């Protein structure tokens, strides 16, 4: 098993996620998808380390990451829907005016 290929692929996915957040700060959906890409890259690293070290803990953590990703998506989309109903736009620059 060539670990360098997997780590390189994971690094590329993580950098694409960071790139999506830094370059697109206007659309909240693309920001959520970029966070999901970063979680996917971390999940891949957990799996590769688990297989290479012959340890099950990486696979246990990899099974917990989708639950965190689902919770993050559900909360993010709920905020998205409420913001769109109240403001009529999903522009990120207006998010700071939400009072709670």
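Glycine too: its Cβ is placed from the backbone N, Cα and C atoms.
Listed in TrEMBL for this protein:
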type	residues	note
TRANSMEM	6-23	transmembrane segment
TRANSMEM	28-48	transmembrane segment
TRANSMEM	60-84	transmembrane segment
Task: Close approaches to the transmembrane segment (60-84) from elsewhere in its chain (Cβ under 8 angstroms; 6 or more beyond its ends) - done: 28-29, 32, 35-36, 39, 42-43, 46-47, 50, 90, 94-95, 98
- [ ] With a Cβ cut-off under 8 Å, give me the same-chain residues at least six positions beyond the ends of the transmembrane segment (6-23) that come close to it.
- [x] 30-31, 33-38, 40-42, 44-45, 48
